[in-house]
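Engineer: Structure below; questions to follow.
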Ligand SMILES: Cc1ncc(COP(=O)(O)O)c(C=O)c1O
């Protein structure tokens, strides 16, 4: 395990797209007809909050998986292969659980690698949301990721209840001045609905603002009122240190394609606290103990743990890709990664605040490092977004956008560098000033706010 002071830059273990890679329509570099001078330079990829980059091990392990399938067929389920790092397919899920449990701070028995995030959320709600005439509400944020909103809404309807009174949406206290959700405001909303609420579902890190919520405090507060607490950790898993067991979280779900780098749509994760292993559930054969799984007796014998909530045999391709990424995480610790992440994101913040273009945007992510992970969300002045994104694309800078005017910028500590951050700040600043100048020339209302004055979020909204 690496200590916090060790350098944890694992960039050499990732495939960083070059600028030419991003420009070409084809994958193959030989198909390039219109070559540019900087085609071979690495791109500035700051989008690990959306899709993490590919570890170099992924190709090696995927090839081993394909070779096993090609040469062993069905026996790949049971056979130890001497020239492969991978376990027989029957055990692929168990193989990745220990490292995943480390990353989220849980006992191994409390973690399952299974399904996908939204599917896992439904499975957890089926187990944990058991409304009765007294407690029937679910509290979530008003700007929850739409899939979470749909999952909760449909679960409420599934119990023949009405979302209009069973779904409590937490909105920012002052939406015109800040999109953030202060902890006290969340706690006050819980208090206001305490006796009628069955369940609280919140994001560890809010996808739009990048706000890291106070998971232990909010969990303890809700539980003191008899409310079960679940967390969507899509943007937190592999990004910030988590202690799900110590924080007494009831359940959590996450995906593995963001900071966990296992490829688009890859397999999800699920945490069930040990006190809940006996809960009712929607069952499938993969949740039944290995000894009985193939007996075909119709006697469901749930695995004692989160694994007992699995349904189907897991995608070996997905799980193999996850194993490749977790083998990188294995070389370090979340503490060491967080230390580097704080420095990278701190440098990004400093650069953005000191930029000549700082009047063109505002950082909406909390300034306190305890309240954020790797990502900063930057809100541009109205009318600038499209021109700025176009310029970033031309320069091989990858971030993602949330219309109408926010970009999310996330230096991932495993593979991003301080040079990436500095390149972004420079190119982004130039792009903003150019967009303003172009807007002024064309007589549109695009404005720079002029220097580094601190404008209120509402003023530039
Ligand atoms: C916060 C959050 N929740 C849920 C989802 C949905 O994930 P999936 O499509 O894997 O179910 C996403 C996807 O990006 C997300 O960011």
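Numbering starts at 1 and runs along the chain as it is shown here.
A Cβ is built for glycine as well, from the same backbone N, Cα and C atoms used for every other residue.
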Engineer: Please identify which of 129, 257, 361 is recorded by TrEMBL as part of the pyridoxal 5'-phosphate site containing 117, 118, 145, 146, 147, 148, 232, 235, 285, 313.
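Structural biologist: Among 129, 257, 361, only 257 appears alongside 117, 118, 145, 146, 147, 148, 232, 235, 285, 313 as pyridoxal 5'-phosphate-binding in TrEMBL.
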Engineer: Ligand 1: which of the recorded positions 257, 258, 313 have a Cβ closer than 6 angstroms to it?
Structural biologist: none
Engineer: Near residue 117 (pyridoxal 5'-phosphate binding site), which residues of its chain come within a Cβ-Cβ distance under 8 Å, counting only those 6 or more away in sequence?
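Structural biologist: Result: 147, 232, 234, 253, 254, 255, 268.
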Engineer: C-alpha of residue 258 (N6-(pyridoxal phosphate)lysine) to C-alpha of residue 313 (pyridoxal 5'-phosphate binding site): distance in Å?
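Structural biologist: It is 23 Å, counting Cα to Cα.
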Engineer: When secondary structure is assigned with DSSP, how many helix, strand and coil residues does the region 'Disordered' (20-45) contain?
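Structural biologist: For the region 'Disordered' (20-45), the helix, strand and coil counts are 7 helix, 3 strand, 16 coil.
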Engineer: Where the record says 117, 118, 145, 146, 147, 148, 232, 235, 257, 285, 313 bind pyridoxal 5'-phosphate, what is the longest distance in Å from one Cα to another among those residues?
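Structural biologist: Binding-site diameter by Cα atoms for pyridoxal 5'-phosphate: 30 Å.
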